[in-house]
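Reviewing the structure listed below.
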Amino acid sequence: MPSIFSYQSAEVDWCESNFARSAVIAEYYNTDGTSLFSFLLLAPLNFLVLEGAGACGRMELCHLRVPLLLAGVFSMYFHMTLSYVGQLLDELSILWTLAVAYSFWYPQAYFPKCIKTRRHFFWLTGITTVISTLMSFVKPTLNAYALNCIAFHLLYMTWRELKKCNDKRVHRMAAVMVMWWVLAITSWISDRWLCWLWQAINFPYFHSFWHVLIAMSLLYCCPLVIYFDVSYEMPSFKPKLEYWPSDSWPVVVPYVTLEEPHKQC
């Protein structure tokens with residue numbers, strides 16, 4: 001019986017041919033070509049967004065740094081080895097990142113009626129995360145589908161917040177975030193379900209596109225979440241979305257600035 005650390009012991013294998021470009025790296029483009037770019041370049045840009053204009057003044061906003069970085073590292077390890085341990089670490093790191101994000105950023109206005117404080121919500125999130133972690137070992141092949149489904153709840157929450165906001169910049173950033181997410185999930189599904197087609201035309205790289213596109217979506221998601229979080233948790237400030245280096249550039253890094261006095265969005 002192969003070790004759970006052995007190469008290709010995972011229950012999942014993506015469309016890219018294994019060991020085609022390296023004797024050490026199973027999926028070269030999913031590992032080096034895109035994970036490296038997505039999480040070692042774009043993830044630090046997300047960290048800079050968290051620092052933007054004092055938006056990290058509430059230090060709990062910065063707790064997402066380590067989980068995001070670990071998600072990138074574990075993703076690289078999984079695609080490099082296609083090991084069972086790598087698969088679980090990749091999927092669980094995403095689950096834990098979502099748990100941290102929900103714990104600190106989920107608006108208290110949307111708490112279940114039985115939850116009265118943020119501390120109680122921490123406990124609910126923690127228990128749910130532990131149960132979900134244990135269930136991840138039951139059928140690992142379903143983990144990725146379950147994690148992707150969480151995006152629909154996040155999109156629903158974004159839609160509810162946008163209904164209360166008239167700022168066109170916020171709506172535009174949300175639209176760009178959704179655009180990147182749609183392209184990302186389309187690439188993920190294409191690689192999973194249409195692998196036979198991409199292999200037939202010798203272009204099995206859509207999962208690597210997923211890495212880049214989902215990282216781009218996160219680049220817009222983080223400041224958007226911060227914007228709504230500041231509206232709830234720092235009512236004395238008015239959050240404002242900005243772009244670096246300039247609004248006119250085709251590729252920009254969005255961030256949040258804080259202004260006084262606060263005006264209801």
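From the backbone N, Cα and C atoms, a Cβ is placed for every residue, glycine too.
Model, not experiment: these values are computed from the prediction.
Taken verbatim from TrEMBL:
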type: BINDING; residues: Asp13, Trp14, Glu16, Asn18, Glu27; note: Ca(2+) binding site
type: TRANSMEM; residues: 36-56; note: transmembrane segment
type: TRANSMEM; residues: 68-86; note: transmembrane segment
type: BINDING; residues: His79, His207, His211; note: Zn(2+) binding site
type: TRANSMEM; residues: 92-109; note: transmembrane segment
type: TRANSMEM; residues: 121-138; note: transmembrane segment
type: TRANSMEM; residues: 144-159; note: transmembrane segment
type: TRANSMEM; residues: 171-189; note: transmembrane segment
type: TRANSMEM; residues: 209-230; note: transmembrane segment
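Note on the binding-site residues His79, His207, His211: the fewest other CB atoms within 10 A surround the CB of His207. Of the recorded residues, His211 (Zn(2+) binding site) and Trp14 (Ca(2+) binding site) place their C-alpha atoms 13 Å from one another.
For Asp13 (Ca(2+) binding site), the same-chain residues lying six or more positions away in sequence with a CB closer than 8 A to its CB are Leu82. Most Cβ pairs under 8 A with the transmembrane segment (171-189) among the ranges 92-109, 121-138, 144-159, 209-230 are made by 209-230. Sequence-distant neighbours of Glu27 (Ca(2+) binding site) (same chain, 6+ apart, CB under 8 A from its CB) are Trp14, Glu16, Asn18, His79, Met80, Leu82, His207.
For the transmembrane segment (144-159), same-chain residues at least 6 beyond its ends with a Cβ under 8 Å from one of its own Cβ atoms are 12, 91, 94-95, 98, 107, 110, 174, 177-178, 181, 185, 188, 221, 224. Sequence-distant contacts of the transmembrane segment (92-109) (same chain, six or more residues past either end, CB-CB distance under 8 Å): 60-61, 63-64, 67-68, 70-71, 74-75, 118, 121-122, 125-126, 128-129, 132-133, 136, 143, 147, 150, 157, 161, 225, 228-229, 232.
Close to the recorded Ca(2+) site, the chain also has Cys15, Ser17, Ala26, Asn30, His79, Leu82, Pro204, His207: residues not among Asp13, Trp14, Glu16, Asn18, Glu27 whose Cβ is within 8 Å of the site's Cβ mean position.
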